[in-house]
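Here is what Swiss-Prot records for this protein:
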{"type": "TRANSMEM", "residues": "28-48", "note": "transmembrane segment"}
{"type": "TRANSMEM", "residues": "49-69", "note": "transmembrane segment"}
{"type": "TRANSMEM", "residues": "97-117", "note": "transmembrane segment"}
{"type": "TRANSMEM", "residues": "118-138", "note": "transmembrane segment"}
{"type": "TRANSMEM", "residues": "140-160", "note": "transmembrane segment"}
{"type": "TRANSMEM", "residues": "172-192", "note": "transmembrane segment"}
{"type": "TRANSMEM", "residues": "217-237", "note": "transmembrane segment"}
{"type": "TRANSMEM", "residues": "239-259", "note": "transmembrane segment"}
{"type": "TRANSMEM", "residues": "272-292", "note": "transmembrane segment"}
């Protein structure tokens with residue numbers, strides 16, 4: 001363990017920083033697809049114990065993903081302005097502590113998974129290698145955000161099967177919506193680090209699409225809309241769902257217009273990430289009310 005100086009935050013707070021639990025937007029944006037799935041599968045509000053299990057599971061899993069990412073990137077993050085103060089990058093925590101925190105998060109997620117259906121449990125097991133592989137994908141795969149999006153999609157599969165015990169056509173449509181949505185907002189997020197990523201030599205979708213990155217984000221959001229439109233049709237949801245989808249479409253169109261500006265403000269990328277949390281909750285409300 002790295003020695004704490006008088007000016008350092010306490011150990012427990014440094015671990016919170018490592019898990020990124022002090023940044024709720026990143027935790028919520030993983031929780032949202034899981035909540036979409038559990039509410040649609042339950043055709044309304046699911047049992048509160050199950051809802052709590054899913055929420056805590058996504059919190060543990062997102063924390064695990066953040067720690068694993070920082071362990072992979074501990075020698076890269078100090079070279080990036082946005083990430084250089086992360087605990088492992090700043091050497092505020094040792095690698096051994098990081099591994100220990102990751103194992104605790106994994107054990108917590110596994111313990112919660114035992115309360116789910118057998119299919120959900122095995123989907124949780126299948127998700128772990130994808131979560132662990134994502135940081136490595138940045139070194140060898142030109143669009144690592146696709147790996148992250150597939151990892152995000154497991155939240156849909158796990159949560160839906162936790163309610164029904166199986167997967168349906170609607171599950172896979174929602175999975176597709178989640179994958180495309182994640183590709184969209186995480187590509188925007190990666191745009192903030194383009195110059196650092198290019199200098200260091202790691203891959204990102206923002207670099208891969210180059211000057212057409214705004215158009216790529218627009219296509220990802222359009223595909224998300226297509227999946228959500230089809231989902232509403234096959235589940236025969238009521239007009240309240242369609243209202244929420246219309247609001248989401250307006251939000252995504254505005255974001256696309258902002259990204260199409262010749263020189264977007266750097267702060268725009270983080271703002272769009274946060275706006276997608278709001279859009280996700282608007283859609284969640286529509287999915288809940290869509291069964292009335």
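The backbone N, Cα and C atoms fix where each Cβ goes, and this holds for glycine too.
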Contact set, same chain, for the transmembrane segment (49-69): CB under 8 Å, 6 or more residues outside the stretch: 18-21, 26-27, 30-31, 34-35, 38, 98, 101-102, 105-106, 108-109, 112-113, 115-116, 124, 127, 131-132, 134-135, 151, 155, 158-159, 162-163
Under an 8 Å Cβ to Cβ limit, what residues of the same chain, 6 or more beyond the ends of the transmembrane segment (172-192), are close to it? 29, 33, 36-37, 40, 82, 145-146, 148-150, 152-153, 155-157, 160, 204-207, 209, 213, 216-217, 220-221, 223-224, 227-228, 230-231, 234, 252, 255, 259, 264, 266, 269-270, 272-273, 276, 280
Can you tell me which of 28-48, 118-138, 140-160, 239-259 gets the most C-beta pairs within less than 8 Å of the transmembrane segment (272-292)? 239-259
